[in-house]
Amino acid sequence: MRTKWGPTWTRRVLLLGIFWVSAYLPVRGVSLPPRLPRATGNSTQCAVSPASEFPEGFFTKQESTDGGIVIYFLIILYMCMAISIVCDKYFLPSLEIISDSLGLSQDVAGATFMAAGSSAPELVTAFLGVFITKGDIGISTILGSAIYNLLGICAACGLLSNMVSTLSCWPLFRDCAVYAVSVGAVFGIIFDNRIYWYEGAGLLLIYGLYVLLLCFDTTISRHVMKTCSPCCPCLARAMEERIEQQTLLGWEDESQLFIRRQSRTDSGIFQEDSGYSQLSLSLHGLSQVSEDPPSVFSMPEADLRRIFWVLSLPIITLLALTTPDCRRKFWKNYFVITFFMSALWISAFTYILVWMVTVTGETLGIPDTVMGLTLLAAGTSIPDTVTSVLVARKGKGDMAISNIVGSNVFDMLCLGLPWFIKTAFTNASAPIEVNSKGLTYITISLNISILFLFLAVHFNGWKLDRKLGVVCLVLYLGLATLSVLYEIGIIGNNRIRGCGV
């Protein structure tokens, strides 16, 4: 089957530029970011510099100030391009085949495999905190990307998508409800500033129940929509639309529905907009037309595309030598390897990106708390942003939104795994000590962001478009600004100074 994943090179440049600009906007804004632990002693607090968790930069501070910082900027842009290529050519095609093989709907695929793959950097960061850096793997790591993922990435999907996607009520309601439960669970666990092994296991159990819910999503959604439709009009409309589609097309699999309702040419060819497959109508029914995509080493014809192709050739070669291209017929059966290898490369490129961003922030003299809420947060969320925007541009709004919320659920609940390992095996004699100062404010911020997202989608007519993108951007900037003011002590009583200052 042929795959046409990815935007054109011109659009890719635009995406990378916007992602780079977004790195300087206040993001996440709920607590200290990953790799920014708080050291407590008596009644004072201090923030350990995020640079302490990374190797030294290539240049001295003076050399960086004299022009070496330009190299850091170029590496950051190059890593953004590398992440985009991995997601475009390997990660999303493997996800498509996995979803098709398991018969998953768009929203379920987005909330499970897509969320897990794009959130791999956060999980790797947590394990590094357990086994290598010995840093705080508490509240800052769990809640770091919440507001940005919920509102910031949704804004990016709406503003950068070239088509309007119709959203379903049930997937958003399901994921937001589970996320609210996750927030409550974490609130209860870290309220006493200590984490025990059974509490980490409890988070894993909740995530297991969430996966079980997704496995029976079709049956559960029908029951919920039938029961709640009298009091919830949006659920009633969702049920009517699903019944109409199944009655009209005679297919119950949503992935097949998506293929059939995309477009129909005069020659009788059904073709999915994403280019995943071509279906031709014959006397024997639908027959599949297979064709491998062009080689990644084929030079584009346009001059601008050639320039970017040459620049990205080292990354293209590295990926071609290490990761099977499951879009091609020969490697199609190796899609599981493609999925895990692409997630591994996403984690590696994200680590380098965040490392360079940290060194850049140190060179520019940005305070640690502000840098954690801006540069580091945006860097670690680049994979989620790229994957969500790419699928939104293909018209798969449910998959994009489910990935946005599902990534938060994955980050929060699956961090019970490193907690469980640390308390049950690595250091079984003592619980994990975490800092829950400001927990009430954080919980309120998360619940407000969940409510804002659901209401924004509802009042926008359940459409993912530029209007929704603007609304989410305004809401996000407002909450993020308040969070930055809270962290630097302008509002509240939570001023954090740098350790050693």
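Cβ atoms here come from the backbone N, Cα and C positions, even for glycine.
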Do ASP66 and GLY461 end up on the same side of the membrane (judging by the domain labels in Swiss-Prot)?
yes
Which listed span Swiss-Prot calls transmembrane segment, if the choices are 216-236, 363-383:
363-383
Counting Cβ pairs under 8 Å that are 6 or more apart in sequence, does the total for the transmembrane segment (171-191) and the transmembrane segment (401-421) reach three or more?
yes
Report, as numbers and ranges, which residues of the same chain sit near the transmembrane segment (67-87): CB under 8 Å and 6 or more residues beyond its ends.
12, 15-16, 19-20, 23, 57-59, 118, 308, 311-312, 315-316, 319, 342, 345-346, 349-350, 352-353, 356-357, 359-360, 363-364, 379, 382-383, 386-387, 390
